[in-house]
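Colleague: Please read through the structure below; I'll follow up with questions.
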Amino acid sequence: MAFRSIGAGGRAEDGGEDSRGGGAGSGKLSFYEAAPDEEISLEDFEEYALDRLRVLKGIEEERSRGKKMEEMDPLVSDLWRKHMGSDSSKKDVISHFILRLAYCRTEDLRRWFLGIESVLFRHRFRCEMPAAQQKLMDDCNLPYKAMTSAEIEAVKENLESVARSTNQVSNSKMYYKVPFEDVPELVSGRKVYLRRGEAFVPREQLSFLVVGQFRSRLSKALVLTNRKWISFIAGEEKDRLAPMVEALSTRYLGPDYTQPKSSNEISLQDLDQLAKASFPLCMRSLFFQLRDDHHLRHGGRQQLGLFLKLEDALAFWRAEFSRKVGVEKFDKEYAYNVRHNYGKEGKRTDYTPYSCVKLIMSTPGVGDHHGCPYRHFSEDKLRASLGGLGLNSRQVSSALEKTRSQHYQLACAEVFEAVHGCSSDGINHPNQYFEQSRALLQQPKVKQMCSFSFNDTVEFFSQEEPASGGENNNNDANEEKTTLMIS
Amino acid sequence: RLFVDGKHPSCDSSFFGRREFSFTLENDIYLRYMSFRDASEFEATVCEKRPQKIDIGAVYSVDPAKRLAYANVSNDRVFAPVEKELVFDVDMTDYDDIRNCCSGADICLKCWPLMTIAIKVVDSTLREDFGFDHILWVYSGRRGVHCWVCDARARKLTNEQRASIADYFRVYKGNENNNRKVSLPTHLHPFLARTYSQFLSRYFDEEILIKQSLLHPQENADKVLKLLSGEGMSMQYMSSVYSELPVQLEEKKRNNTLLPDKINRQRWADLQRKLMQKRGIQRELVFTYTYPRLDLEVTKKMNHLLKAPFCIHPKTGRVCVPIDPADCDNFDPTTVPTLPEVLVFRLKHVNSSFSSVSSCSMI
């Protein structure tokens, strides 16, 4: 398909020459100014997009682990090489433009894409040779003036002072005069010398300038693309490209939780303790809400239901709901939905459990309890919930700080660490949290190493029978025996 | 009765109409998104509703009062702030942990110098570092000051840029447990170095140390030493600093030249000597007791509303008068005119045309 009609962010419709699609003379890093004018197959269309998405998600995951800038540089290079190959400028440009389509449609999607592409750009820029960096700056007509040596001499002491205050070596020969508005990160951190509204930026920190430009251009382009997309899909591409593009932005690329990896067969009685010990906060809240209220609205049912993947879920849900709405009403109104989720009705698709990104982006309304608690709970409620998990006030504060800066998954990882005493491998999916938790708790030596913050788990580990509900196996035909497979 | 002309030079005629105001009426009724076509409509509405407090917000893309007419448009950019002065808010209650004279809403001339320092530091930095010129400082009517930066360049700043300016000023690394921890690198950024040498250390020595009597009597000195003992300085060391002080006190007593001021100065000199090797700590101490404490949230967002200058503060009756930053050492909040005084003044001078309430400040 040809990109011409939809790709460009407001530039000339004729797409332009092939080499321009690559931008800077080196043929590598560019500002993606012009849409590519190529034909590619539909398979390539999808594959290129997915590969780039893997890079972006990989970056997101590394950042969610709190990696510093210098540590990220090699990681990004590796990710890029792995998914995009080494001779990749064509794939680079095409995949970027495809993802623009996928991520231009809502404010949240745009914000995410803008953020992560800027990070990718920043690291790729940092790894470029100085000559290439300079060329990129020149090519894109960055409006910043280099300072003359006389000017630099006049403020030399101050420049050195700034460098020392931020533990940097100040052997820079080149400085640029930049309006302070263009380098908010440097201003925030007092990493630059300011005078009468001008920031004197050394060469080493050029990446901030360039990334800033990249970011603002991409931001405008995304808005434009969105407008064009709306008129575009109304027409020809409704059934062909549109579904594929729209699916790209919600696609989860991590480990596949559709198939159960190993059957962790646990009976219903253990579910409560399991929930207390190993459920992430999002599922725990829903689960106990269900227990308390014997009811959940649709969003909550979806989220919890897909997470639990009960083999014979019907009995579980019926047991809970019937306390409130009665068995008949449940059978009439809710049963279909439960069965639908597990592929027993209708399209018979097995839905995948929601990833963290999906939960964070959901919009629970009044009376709903789903979503990501680190995003959707009020600070008070979150504080109370975390206290209920047994966190001390320092741990709670630490997690709250992360949520305030919108690092919801980092907050969840912090809580994981506080609860289990060991750090996680990063949290991208509720089932991942659960799996890691089970792995930790089931290791016998873990008992000595990790410190547990609440007493319930002691009971969980003891050799005695669980306090609530009788033996686990062979007896009591009256009890609803439901095997639970948590995938 | 106010005559307010809220226009900037060279703005278009719709500018005033798109400015948001908010009124706080009796019984804490809060009316937001008010806007007016011109000064006379504004005046009429003020007289009709008699707000206790008037706040000024941003200039939006459309008249705030008419925003709902655009609600059906799906684009969320239709009703959005377009311009807003850059503002700062300094509140004396944020200094409660270092004030020995008052607390809460009270202020006096012993703690007011803290505001003077804030004005000087922020004002000079806004001019020298950021290049702003049109800066208005206003007494908030009770216990703080507000700053309005009205340059065109300032009005057009985005939220991110405002946040970066706010962060530029930030030295306190706060968290729930420990709000006022100053955290400085060994080598200071030129802005902080200049602030320290031009303002902070001078005001500490000449004003804060004495007026707050930081090191005398014992309870006050304890507070300071407690701050220091948190700095990894051993208790033995601290008590050695401590025990020296009473000795010198005795000597002074014998000379009968005992004065709290002298005691404070003597102790401070002693403390400085003790801290010679740890100059960073001494500096952090001075910062803790003098550096401006800004309410950063006020600065960061365009949609934040701030009390209008020249309003009457509902609780104190004082007029929110402007403060001249070049002369702020001489500003006395306890002599700011109150509403009754203004009215009395007006009655006495019936003939003078009262075209601007700024003449109030000359009373």
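The backbone N, Cα and C atoms fix where each Cβ goes, glycine too.
What you are looking at is a predicted structure, and each value in this text was computed from that prediction instead of being measured.
Below are the features listed in TrEMBL for this protein:
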REGION    A:1-30  region 'Disordered'
COMPBIAS  A:11-20  compositional bias 'Basic and acidic residues'
DOMAIN    A:272-434  domain 'DNA primase large subunit C-terminal'
BINDING   A:Cys282, A:Cys356, A:Cys372, A:Cys412  [4Fe-4S] cluster binding site
REGION    A:464-487  region 'Disordered'
COMPBIAS  A:478-487  compositional bias 'Basic and acidic residues'
Colleague: With the [4Fe-4S] cluster site defined by A:Cys282, A:Cys356, A:Cys372, A:Cys412, which remaining residues of that chain have Cβ atoms positioned within 8 Å of the Cβ centroid?
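Modeller: Going along the sequence, the neighbours come out as A:Pro280, A:Leu281, A:Leu359, A:Ile360, A:Pro373, A:Tyr374, A:Arg375, A:Tyr408, A:Gln409, A:Ile427, A:Pro430.
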Colleague: What same-chain residues, at least 6 away in sequence, bring their CB to under 8 Å of the CB of A:Cys282 ([4Fe-4S] cluster binding site)?
Modeller: A:Gln303, A:Leu359, A:His370, A:Gly371, A:Cys372, A:Pro373, A:Pro430
Colleague: Could you please provide the mean pLDDT value for the domain 'DNA primase large subunit C-terminal' (A:272-434)?
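Modeller: Averaged over the domain 'DNA primase large subunit C-terminal' (A:272-434), the predicted model reaches a pLDDT of 78.
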Colleague: State the count of C-beta atoms found within 10 angstroms of the C-beta of A:Cys356 ([4Fe-4S] cluster binding site), not counting that atom itself.
Modeller: 25
Colleague: Quick one: what's DSSP say for A:Cys412 ([4Fe-4S] cluster binding site), helix, strand or coil?
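Modeller: It is helical.
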Colleague: For A:Cys412 ([4Fe-4S] cluster binding site), which residues of its chain lie six or more apart in sequence with Cβ-Cβ distance below 8 Å?
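Modeller: Listed in sequence order, they are A:Pro280, A:Leu281, A:Cys356, A:Cys372, A:Tyr374, A:Ile427, A:Tyr433.
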Colleague: Would you count the other C-beta atoms found within 10 angstroms of the C-beta of A:Cys372 ([4Fe-4S] cluster binding site) for me?
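Modeller: Cβ-Cβ neighbours of A:Cys372 ([4Fe-4S] cluster binding site) within 10 Å number 26.
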Colleague: Going by DSSP, is A:Cys372 ([4Fe-4S] cluster binding site) sitting in a helix, a strand, or coil?
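Modeller: A:Cys372 ([4Fe-4S] cluster binding site) sits in coil per DSSP, no helix or strand.
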Colleague: Let me know the DSSP-derived helix, strand or coil state of A:Cys356 ([4Fe-4S] cluster binding site), please.
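Modeller: SS state of A:Cys356 ([4Fe-4S] cluster binding site) = helix.
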